[in-house]
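In what follows, a structure is listed as structure tokens, so that the remarks can point back to it.
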Amino acid sequence: MSGRGKQGGKARAKAKSRSSRAGLQFPVGRVHRLLRKGNYAERVGAGAPVYLAAVLEYLTAEILELAGNPARDNKKTRIIPRHLQLAIRNDEELNKLLGKVTIAQGGVLPNIQAVLLPKKTDSHKAKAK
């Protein structure tokens, strides 16, 4: 034979996404496309979308993990914007990162000024005597 054709050639390997290669859940291909279309730079390296997707995935996991605590405290199984607000505002670093962000339906942190709290008096002791 002259060696033409595909008689004994290897089968092509199954396609593997860049997200699965990097061990991520966030879409590396989509992040790469958005970086190219966003006119952030003339060229985008191969490692940049992987790194950015990993950072976004980490931040999302961190916020959702912290938001699960207020949800559990309120005996809820679904995280709502209020739980996200409480999680972010009670965490020092996340609050600094998202300080200027307004979360719709998030509400405010419960806070009562010390001046407005009722004063502790000795009336209890006077009544006991």
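The backbone N, Cα and C atoms fix where each Cβ goes, glycine too.
What Swiss-Prot annotates here:
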REGION    1-22  region 'Disordered'
MOD_RES   Lys6  N6-(2-hydroxyisobutyryl)lysine
COMPBIAS  7-19  compositional bias 'Basic residues'
MOD_RES   Lys10  N6-succinyllysine
MOD_RES   Lys10  N6-(2-hydroxyisobutyryl)lysine
MOD_RES   Lys10  N6-acetyllysine
CROSSLNK  Lys14  ubiquitin cross-link
CROSSLNK  Lys16  ubiquitin cross-link
MOD_RES   Lys37  N6-(2-hydroxyisobutyryl)lysine
MOD_RES   Lys75  N6-(2-hydroxyisobutyryl)lysine
MOD_RES   Lys76  N6-(2-hydroxyisobutyryl)lysine
MOD_RES   Lys96  N6-(2-hydroxyisobutyryl)lysine
MOD_RES   Lys96  N6-glutaryllysine
MOD_RES   Lys100  N6-glutaryllysine
MOD_RES   Lys119  N6-glutaryllysine
MOD_RES   Lys119  N6-(2-hydroxyisobutyryl)lysine
CROSSLNK  Lys120  ubiquitin cross-link
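Look at Lys16 (ubiquitin cross-link): DSSP puts it in coil. Counting every protein chain shown, the Cβ of Lys119 (N6-glutaryllysine) has 5 other Cβ atoms within 10 Å. Within the set of recorded positions Lys10, Lys75, Lys96, Lys100, Lys120, the entry lying nearest in space to Lys16 (ubiquitin cross-link) is Lys10 (CA atoms).
Put simply, Lys37 is the one of the recorded positions Lys10, Lys14, Lys37, Lys119, Lys120 whose Cα lies nearest to the Cα of Lys96 (N6-(2-hydroxyisobutyryl)lysine).
In this structure the alpha carbons, written CA, of Lys119 (N6-glutaryllysine) and Lys75 (N6-(2-hydroxyisobutyryl)lysine) are 33 Å apart. A separation of roughly 36 Å, to the nearest angstrom, links the Cα atoms of Lys120 (ubiquitin cross-link) and Lys76 (N6-(2-hydroxyisobutyryl)lysine). Neighbour count (other Cβ atoms within 10 Å of the Cβ, all protein chains): 5 for Lys100 (N6-glutaryllysine). Of all the modified residues in the list Lys37, Lys75, Lys76, Lys100, the shortest Cα-Cα distance to Lys14 (ubiquitin cross-link) is found for Lys37. Note: the Cα of Lys10 (N6-succinyllysine) and the Cα of Lys76 (N6-(2-hydroxyisobutyryl)lysine) are spaced 53 Å from each other. Look at the recorded positions Lys14, Lys16, Lys37, Lys76, Lys96 and count other Cβ atoms within 10 Å of each Cβ; Lys14 has the fewest.
Under the DSSP three-state reduction, Lys96 (N6-(2-hydroxyisobutyryl)lysine) is assigned to helix. Cα of Lys37 (N6-(2-hydroxyisobutyryl)lysine) to Cα of Lys100 (N6-glutaryllysine): a distance of 26 Å.
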